[in-house]
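Scroll down for the structure; my scribbles are underneath it.
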Amino acid sequence: MLCDEEAQKRKAKESGMALPQGRLTFMDVAIEFSQEEWKSLDPGQRALYRDVMLENYRNLVFLGICLPDLSIISMLKQRREPLILQSQVKIVKNTDGRECVRSVNTGRSCVLGSNAENKPIKNQLGLTLEAHLSELQLFQAGRKIYRSNQVEKFTNHRSSVSPLQKISSSFTTHIFNKYRNDLIDFPLLPQEEKAYIRGKSYEYECSEDGEVFRVRASLTNHQVIHTAEKPYKCTECGKVFSRNSHLVEHWRIHTGQKPYKCSECDKVFNRNSNLARHQRIHTGEKPHKCNECGKAFRECSGLTTHLVIHTGEKPYKCNECGKNFRHKFSLTNHQRSHTAEKPYKCNECGKVFSLLSYLARHQIIHSTEKPYKCNECGRAFHKRPGLMAHLLIHTGEKPYKCNECDKVFGRKLYLTNHQRIHTGERPYKCNACGKVFNQNPHLSRHRKIHAGENSLRTLQME
């Protein structure tokens, strides 16, 4: 059977007729020269010849095509020159000076000029090939699809494209175009590569959260997040992690190791991501930009917090009074008005506050400096807002107006407290008896009743 096939090919070569459609063999796509032609090639062309022949050989092996004669490949791998090249393909110049490829046996030729990439080339067996210089799509089993220009290295050293380049590009393109469907059916080719051949992008979707990945390995790595498996355990505190890298980062908390150092200010960090975030302070980089107003932020969390201003969304709701807030920290601060929690203590006088900002404002009292002075009465203030609020007393200006009753106020706080009369809102609740109030001072006064009752009860018990 094999002898018959080889005999048929030899007959086709001698007659110059095209082979019937069937399985492609290595000699169908081999680029061959006579001994004289081989000697006329410069070292760069010979190196290109070896690369092209070996690449075509690998492509055919991948396709599972029978390769009966491997002697020429063996010589090429050893970088030895082929002994006798039976087929003859000449690169000659025609009458008008343009280069062309000519088969000695058949007499067929094709002009290789500026428009050669748009003309068909026929080799000595009659195979029609599309000649062009675009990058070729090649495939190898078990590896990703990659782009490879068969003559990239050669073109880097030559200013013009040689006829040999045009032939090699054409043959390889022919393999891909003709055997595209065979590639799709090839059992060892991964699904994403088959999809690429069809001209489609292949995607792996996580069934848990719908996130999409182009590579299966990325999906597998991502899915660890959803699994309960956390094989990496900290021997100090017992905390477990899904990845070893997370355990390594966590371990630095116990060791105090901070291997990442800022070259600007010498500050050290236990994570590279923290260092990168810190360095934006020095560079002024603000990569996270708001599409609505153009304001930029150093961190993504800053942008997320800012975006709520544009949407008007207030997702954080107080379970006590039903009031909504844009930010979680605002809700946390508000909830202390119901619980009477005051975690911030002044080290000077021991007074406690529910908010850090209140403590900061209070601590100014202990400092002697009051740089903001009223020109009318000489009263001085620690901060400019205090002076501005004070000046309204002298001017009589009351810029804050109630939309319900048109009453005006000198401070926004007074307006806010007043508006609760119209809304009926009473956000301040006594934990002892459940009574509610519309202003915090009213609640404070009320609590003294319970404090007095407790004192009286204590005296009676004594």
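Including glycine, each Cβ sits where the backbone N, Cα and C put it.
In Swiss-Prot, the zinc finger annotation falls on 428-450 of the listed ranges 83-105, 106-128, 428-450. Record note: among 32-54, 170-192, 400-422, 400-422 is the stretch given as zinc finger by Swiss-Prot. It is 260-282, from the ranges 7-29, 260-282, that Swiss-Prot records as zinc finger.
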